[in-house]
Amino acid sequence: MAVTPSLLRLALLLLGAVGRAGPRPQGATVSLSETVQKWREYRHQCQRFLTEAPLLATGLFCNRTFDDYACWPDGPPGSFVNVSCPWYLPWASSVLQGHVYRFCTAEGIWLHKDNSSLPWRDLSECEESKQGERNSPEEQLLSLYIIYTVGYALSFSALVIASAILVSFRHLHCTRNYIHLNLFASFILRALSVFIKDAALKWMYSTAAQQHQWDGLLSYQDSLGCRLVFLLMQYCVAANYYWLLVEGVYLYTLLAFSVFSEQRIFKLYLSIGWGVPLLFVIPWGIVKYLYEDEGCWTRNSNMNYWLIIRLPILFAIGVNFLVFIRVICIVIAKLKANLMCKTDIKCRLAKSTLTLIPLLGTHEVIFAFVMDEHARGTLRFVKLFTELSFTSFQGFMVAVLYCFVNNEVQMEFRKSWERWRLERLNIQRDSSMKPLKCPTSSVSSGATVGSSVYAATCQNSCS
């Protein structure tokens, strides 16, 4: 069934709310939960009307009913019946003069859609006005949704390939790459959690919203599974920030300390990356359950509850920004010590800066202290665009910089290629020499010498 613009808007209302699960600005668009609550009131009024309204005097007629969208009185056969647009719609104020229509057939049965058990309705007058739709917030949210979906899909694919590469080559197994692998895993989990969240929302709208089954939709929102989805997403996002912090701390440790126990420090990094987020995500979930148990926990009305998660993430962003500044200072000092010309210094400094930004998540500093409740209008859209687009593609950039363009990885690929090429040449050489009937001593000695040379060459290239 095709999704109407009105249903699309309802879907995007929630997508916009969960894109950054922060507090809602005052005066923001009505939420899905509020719409469903109004729908329940509308249904209650309709049921009372269906019970109390007098019946038609005599004859054949279509029975009064509530079809989960509008409240319908008894209808005379062979005629159109119209009622005002339901007042629970978020855009009801713009369709006050509109009506929704149904047709009562001559047999006294409401007309159904072709090959369907769903009733036929004409909702055209109750649809949200398309005027200015091009620049509407919903269109902007839809654009952001497409951008971050493409970004997370690309990042997920690149990170899975990069992880397989680092795991496959034994010579790449070291503490540095173990940290990279955990960072890759955090990006992968973040992307998966976003996909699961979006799949849950799409499921809601493909079953309940498209058929105007609002009660079933709210029941899903009130279910434990829905809340666990968003709790999982918050943990994956927090773990991703803290593995970026681990990368920054490890980089600073390499620069500041010449000797340290990598094995011991790696266990500490594991605790920071995967353990610390539990220390504030679980308390946030408990507080939400006890004091703000509304909907899917997609928004935070009380700013103090949201700060339980936001402040530790701001701490991670701040520390990584300080590491970024420190590393840039060290790079400048080393470039000047090499007596390079100013042009070369600027070029290499720019390259180092652009490389460090995605690796440390430095771009988060731009809007780190602009809370969602303070961001409105253009500022809110710019903030959402910057955060969602950069964050979704960040995993791809990390995979490229830490794996695909890494010299060690490229060297391992060259070694594997040379190994494969030499083995293939050796097989071809052996197969071409088999048919020849030469003296046993000369042929066997030549083959043995040739095989030894190839084996030695291969061994040297792998060492």
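Every residue gets a Cβ built from N, Cα and C, even glycine.
Residues annotated as signal peptide in Swiss-Prot: 1-21.
Swiss-Prot lists Cys46-Cys71 (among others) with the feature disulfide bond. Under a cutoff of 8 A between CB atoms, and with a sequence separation of 6+ in the same chain, the neighbours of Cys46 (disulfide bond) are Phe66, Cys71. According to its DSSP assignment, Cys46 (disulfide bond) is helical.
Of all Cβ atoms in the shown protein chains, 22 besides its own fall within 10 Å of the Cβ of Cys104 (disulfide bond). Residues or ranges marked as disulfide bond by Swiss-Prot on the basis of similarity to another entry: Cys62-Cys104 (among others).
Marked as N-linked glycosylation site by Swiss-Prot on the basis of sequence analysis: Asn63 (among others). Long-range neighbours of Asn63 (N-linked glycosylation site) (same chain, six or more residues apart, CB within less than 8 Å of its CB): Asp74.
Positions annotated as N-linked glycosylation site by Swiss-Prot: Asn82 (among others). Cβ neighbour count for Asn82 (N-linked glycosylation site) (all protein chains, 10 Å cutoff from its Cβ): 14.
Taken from Swiss-Prot, the feature disulfide bond covers Cys85-Cys126 (among others), and the record attributes it to similarity to another entry. For Cys85 (disulfide bond), other Cβ atoms within 10 Å of its Cβ number 21.
What Swiss-Prot lists as N-linked glycosylation site is Asn115 (among others), and the listing cites sequence analysis. Every protein chain considered, the tally of other Cβ atoms within 10 Å of the Cβ of Asn115 (N-linked glycosylation site) stands at 5. According to its DSSP assignment, Asn115 (N-linked glycosylation site) is coil.
Swiss-Prot lists Arg121 (among others) with the feature site 'Interaction with the endogenous ligand GLP-1', giving similarity to another entry as the kind of evidence. Mapped onto three states, the DSSP output places Arg121 (site 'Interaction with the endogenous ligand GLP-1') in coil.
Annotation source Swiss-Prot lists site 'Interaction with the endogenous ligand GLP-1' at Glu128 (among others), citing similarity to another entry. Taking all protein chains in view, 21 other C-beta atoms sit within 10 angstroms of the C-beta of Glu128 (site 'Interaction with the endogenous ligand GLP-1'). Secondary structure from DSSP puts Glu128 (site 'Interaction with the endogenous ligand GLP-1') in coil.
As annotated by Swiss-Prot, transmembrane segment applies to 140-164 (among others), with the evidence given as similarity to another entry.
Nonlocal intrachain contacts for the topological domain 'Cytoplasmic' (165-175), taken as residues 6+ away from its ends with a CB within less than 8 angstroms of a stretch CB, comprise 181, 184, 262-263, 265-266, 403, 408-409, 412, 416. Per Swiss-Prot, the feature topological domain 'Cytoplasmic' maps to 165-175 (among others); the stated evidence is a curator's inference.
Summarising the annotation, Swiss-Prot assigns transmembrane segment to 176-201 (among others) and lists similarity to another entry as the type of evidence.
DSSP assigns Cys226 (disulfide bond) to a helical segment in the three-state reduction. Positions annotated as disulfide bond by Swiss-Prot, on the basis of similarity to another entry: Cys226-Cys296 (among others).
Under the heading transmembrane segment, Swiss-Prot lists 228-251 (among others), citing similarity to another entry as support.
As annotated by Swiss-Prot, topological domain 'Cytoplasmic' applies to 252-265 (among others). Listed by sequence, the residues of this chain that lie at least six past the ends of the topological domain 'Cytoplasmic' (252-265) yet keep a Cβ under 8 A from its Cβ atoms are 175, 323, 326-327, 330.
A Cβ distance under 8 Å defines the sequence-distant neighbours of the transmembrane segment (266-290), meaning residues of its chain 6+ beyond its ends; these are 175, 178-179, 182, 186, 227, 231, 234-235, 238-239, 241-243, 245-246, 249-250, 297, 305, 308-309, 312. Residues annotated as transmembrane segment in Swiss-Prot, with similarity to another entry given as evidence: 266-290 (among others).
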Give me the DSSP three-state residue breakdown of the topological domain 'Cytoplasmic' (252-265), ordered helix, strand, coil.
9 helix, 0 strand, 5 coil
In angstrom units, rounded to an integer, how far apart are the Cα atoms of Asn82 (N-linked glycosylation site) and Arg121 (site 'Interaction with the endogenous ligand GLP-1')?
10
Going by C-alpha distance, which of the recorded positions Cys104, Asn115, Cys226 is nearest to Cys126 (disulfide bond)?
Cys104
Among Asn115, Arg121, Glu128, which are recorded as recorded positions, the nearest neighbour of Cys62 (disulfide bond) by Cα:
Arg121
With DSSP as the yardstick, break the topological domain 'Cytoplasmic' (165-175) down into helix, strand and coil residue counts.
8 helix, 0 strand, 3 coil
What does the structure give for the C-alpha distance between Cys85 (disulfide bond) and Cys226 (disulfide bond)? Integer Å is fine.
31
